[in-house]
Every structure is written in C-alpha cells, then in structure tokens.
Amino acid sequence: MNRRITFIAISALLAGLTGCASAGHGAAGQAAESFHGAVAGGQGEQACALLTPRAAESLRSGGEECAQAVLSLNLSGGAIRRAEVWGDEAQVRLEHDTVFLHRFPQGWLVRGAGCQARGDLPYDCEVEG
Amino acid sequence: MRSFLKDNALSLFFLVLFLLALAGQSVAGNADYNERQVAEGGAALSWAEYVTSSDFAVDVAENWQSEYLQFLLFIMATVWWVQRGSPESKEPGKEGTESDSDQQVGRHSEPDSPAWAKTTGLRLKLYSNSLGMTMGLIFLLSWLTQSLAGRAAYNAEQLARLQDPLSWWEYVGSADFWNRTLQNWQSEFLAVLSMVVLSVYLRQRGSPESKPVGAAHKATGVEG
C-alpha cells in the first residue's frame, strides 16, 4: 500500500515537473480530429464551436460568417501522427495539418489550424486566434 | 525545549525564513502567473495548481541549483586556494587536503570523532568528502529539475506562440535554459567574491564570519 502511494506521489510530482498529462494527449487529439471531421462533413457551425473565441472571431471578416469561412478554407486533416501537451497548450500533428489547441475549463479548443511550419518562426496558420 | 531552541537557533531561524520566503514566492508567483494568463486570454490557476506546476518548479529549482553550486565551489575552492587576510580562507601554506594528523582521522582520531573518521579506506574517503559530495548531488538534482520543469514551462510558451516544442537536449542547449542558469550563477559568484574580499578589511563584531574587530588585515583564517 505504501509503495503504491509512493508510486502515485512520484508520478504526480514528475507529471507536475514535466508538465505532461498523458490523458490530455488523447483529449487534445480527439478535439483536433472532431474539428477536421466537422470541416470534412461540411458542418461549419460544429467546426466553429470547436474553435477558441478569438480564432472564430478571426474568421468573421468582410461580413462572412465563421461557419461559411471555415469551410471555404478547404482544410484537410487526416490521421493523428503525434500529439504533445505542455501545460494548457497542445500541438497535434495530423497527416495533412498541424493543429494548435488551448485547454479551457470546458475542454480543448482549436486556436490554430491549417498551419505550415516556417523554420524557427511561428507556424503560418489559416485559422489563428 | 528552551535549550533545544537555543542550541539550534541558527538553523531554526533560517528554516523559518526559508519556509516564509517559499510561501511568499508561491503566492506572488501565482498572482503574477494569473495576471499574465488573464492578459493572454487564458485561465487562471488556483494556488494548489500553481505550486504543482512546472512554472513554479523551474523558478524554485533555478535558484536552488545556483545556491548549492555556490557552496559546493566555496567548499572545494577553499581546500586548494587561499585569500591572504580573509577569515573565509585557510592560512597560506595550508593549501590541500592536509595531513591525517591535522584532520584527526584514522589513528589520529579522537575518542569523540565521528565513527567513519576513525576508519580507513573507502569509508574514510567517503566521509572525508561527504559535505562536498552531498552539496554536489543536490546541485545536480536541482539543475536536472530546472531542466525538466524549465522545458515544460518553455514548451507551453512555444505552443502558445504557435512554435514547435523542444526536446530535452534541445532545451538544455537553448538560450532560455542558459539565461536562467547564468543569471543565477553570476550573482552567487559575486556574493562569494564580496564576502572573501570585504572580510579582509571590514569587521562584524561577534560574527564568526568576520575576524575579531582588532585583528590585522593580513591575519588569515582567524574567526571572531
């Protein structure tokens, strides 16, 4: 029993130190997949509901609604290659996209999608906020 | 009880100061972290969440490692190097690990010497270096903790800026890791330098860290 408590305590300490939460990888990945699933299925409203308020706002330009705008970007995702969670931030690499997410009290929301790497510079994302 | 407090007043004083300062750091650090989070549209952390976060861990560990490195270097450098006139130094001519007789070990030990000081071989070797080894071990563990927690905190910032997270090896070669490390080291080294040099010429009556007020500037290894 004592060993079990020690193991749990050490695991919790290491998780705190390294900022890793293994359970979070799955949830962040799921949110990224749900976003791309909604886009692929033509469900703009549902896709916008999975964006952070700032990211959704960034798509509402020129009188166009978020739901229309997000579908017009022709984003494609694919299967998850890798997911990393650090604190309240996550990066999910999909076959055809890299998605950035932020953890809110209600769960993971997409803050960057349709992202292209630019070396040491921040990713250039079609949806960003 | 009163005798215990009197006999251990110095340790207890610093233990209380340490705990108060650490508690204060956790409260101020939490408030600072939450101010930044709110400004960036993120969620605030409770005190319990903050003190178990990598942000708090790296801030604590980077200071710990530098303090233990400071004392480790002070302990080891004063074996081999002297500063004429400093009470922090041995007298010139005594550089080195000194004789068994000077160090009261093996057959030169006293009846009340520690048990391992009366032995020979590996146990004596270990005990003769136990202070430096322990300080060195705590330094290395604190520095390792700084690298792990620092990487976690840095990677969260990287992702928030839409940049790739770093591996542990990449992080320990990064500007963030060395900036945190060296800004602490330089202040510790300056503090030791100040102590060694100022104590040649200045006095603090009654303190064993100072020479007696009337001791000559050139008197070395004399504690007041």
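Going from the start of the chain as shown, residues are counted 1 onward.
From the backbone N, Cα and C atoms, a Cβ is placed for every residue, glycine too.
Predicted automatically and left uncurated, TrEMBL annotations should be read as such.
With a cut-off of 8 Å between Cβ atoms, the residues of this chain six or more beyond the compositional bias 'Basic and acidic residues' (B:87-97) that come close are 74, 78-81, 103, 128, 195-196, 199, 208-211, 220-224. According to TrEMBL, the compositional bias 'Basic and acidic residues' annotation covers B:87-97.
Annotation source TrEMBL lists region 'Disordered' at B:87-116.
Long-range contacts of the transmembrane segment (B:126-144) within the same chain: residues 61, 64-65, 68-69, 71-72, 75-76, 97, 103, 105, 114, 116-117, 119, 181, each at least 6 residues beyond the stretch ends and with a Cβ under 8 Å from a Cβ of the stretch. Per TrEMBL, transmembrane segment is recorded for B:126-144.
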